[in-house]
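Peer 1: Take a look at the following structure, please.
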Amino acid sequence: MNWEVVKLRLNMALATLGITLLGFALALAVADYAFGAQFGVGLILSILIFIFFLNIIQWLFGPYMINWAYRTVEVTPTDPVYGWLYSTVAEVAKYNGFREVPKVYIADVPFPNAFAYGSPIAGKRIAFTLPILKLLNRDEIMAVAGHELGHLKHRDVELLMAVGLIPALIYYLGWWLFWGGLFSGGGNGRGNNGGLVFLLGIIMMAVSFVFQLLVLSLNRMREAYADVNSALTVPGGKENLQLALAKLTLSMDPEALERFKKKSTTNQMASMLFFTNAIEEVPTWNAKELVEIWKTTKVPWYADIFMDHPHPAKRIQLLDKVSKY
């Protein structure tokens with residue numbers, strides 16, 4: 001077992017456990033202080049039930065909303081134009097031990113992307129946008145499919161939905177404290193000073209943002225783990241996923257190569273937040289050059305702190321460390 005994989009798994013486990021335990025401990029302590037133990041625990045349970053119900057509804061029926069928003073069309077094995085895409089996903093699914101091939105969709109949107117989603121009702125699904133099919137070759141699409149199917153195999157949606165309850169719990173608890181302190185003059189617990197409870201509510205809502213950053217950090221780890229999955233399960237997955245990442249970056253941000261030559265590590269991350277008119281063709285030699293630059297790029301720890309994906313240079317360097325094929 002590669003040590004980098006072991007370290008990544010350990011970090012993910014510690015992050016998940018740490019966010020959960022710290023979040024619940026903070027919420028219970030604050031609720032007990034402001035409202036007393038009995039009412040505080042009841043309030044936390046009520047908030048959890050509320051946000052859990054909302055998340056479950058979103059999870060179960062979200063795939064149908066995604067299909068509507070992205071104007072997706074399902075690809076069948078006999079599709080005369082995109083049947084190759086279904087067979088590609090089927091091959092990668094076999095490498096990853098799937099009993100059934102996830103449903104394959106093409107999304108009619110103007111930016112290159114691929115994503116995995118699903119629910120017990122909708123089943124497992126993977127979608128590719130039209131621009132990404134024009135941008136990448138079949139081997140690169142296969143590597144991207146290895147990444148996306150890794151999300152389904154590792155149940156990342158369910159895990160992040162569960163951990164995401166923590167910042168929501170802290171925020172709504174802060175909301176209760178805010179209005180409770182503002183109108184009731186305090187709670188029933190030890191912290192019966194209305195002004196203090198009001199201030200505590202503001203602090204808790206701010207703290208929820210900090211916990212959201214922690215969840216984003218976990219999300220980046222899961223994305224890195226999906227990269228690892230592609231490298232370890234798809235033949236040629238490392239090199240092809242690296243090229244795919246470079247092509248996607250250059251498609252959305254043609255100046256990225258020149259900036260990285262100048263040792264800039266932050267500007268391109270901001271530009272990728274916006275959906276611009278993507279370039280449909282990126283020369284492979286440009287992508288290879290960008291990959292080589294990324295391999296030696298030193299990325300500040302804060303470069304991707306607000307992002308849900310790791311900085312691409314970090315992804316390239318991790319793939320080099322864990323590749324099997």
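Positions of Cβ are set from backbone N, Cα and C atoms, glycine also.
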Peer 1: Among E74, E223, E239, which residue does Swiss-Prot name as a further Zn(2+) binder in the site formed by H147, H151?
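Peer 2: When Swiss-Prot describes the Zn(2+) site, the candidate it includes is E223.
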Peer 1: Ranking the recorded positions E148, E223 by other Cβ atoms within 10 Å, which is at the bottom?
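Peer 2: Across E148, E223, these recorded positions, the one with fewest Cβ atoms within 10 Å is E223.
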Peer 1: Look at the binding-site residues H147, H151 and tell me which residue has the greatest number of other C-beta atoms within 10 angstroms of its C-beta.
Peer 2: H147
Peer 1: Mind checking which residues of the chain, 6+ beyond the ends of the transmembrane segment (10-30), have their Cβ under 8 Å from one of its Cβ atoms?
Peer 2: 40-41, 44, 159, 163, 166-167, 169-170, 173, 177, 200, 204, 207, 211, 214-215, 217-218, 221-222, 225
Peer 1: If you take the centroid of the Cβ atoms of H147, H151, E223, the listed Zn(2+) site, which other residues of that chain have their Cβ within 8 Å of it?
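Peer 2: Once H147, H151, E223 are set aside, the remaining close residues are A116, E148, G150, D156, R222, Y225, A226, D227, N229, S230.
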Peer 1: Using a Cβ cut-off of under 8 Å, list the residues of the same chain at least 6 residues beyond the transmembrane segment (41-61) that approach it.
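Peer 2: Same-chain residues near the transmembrane segment (41-61) but 6 or more away: 27-28, 31-32, 35, 119-122, 157-158, 161, 164-165, 168-169, 172-173, 176.
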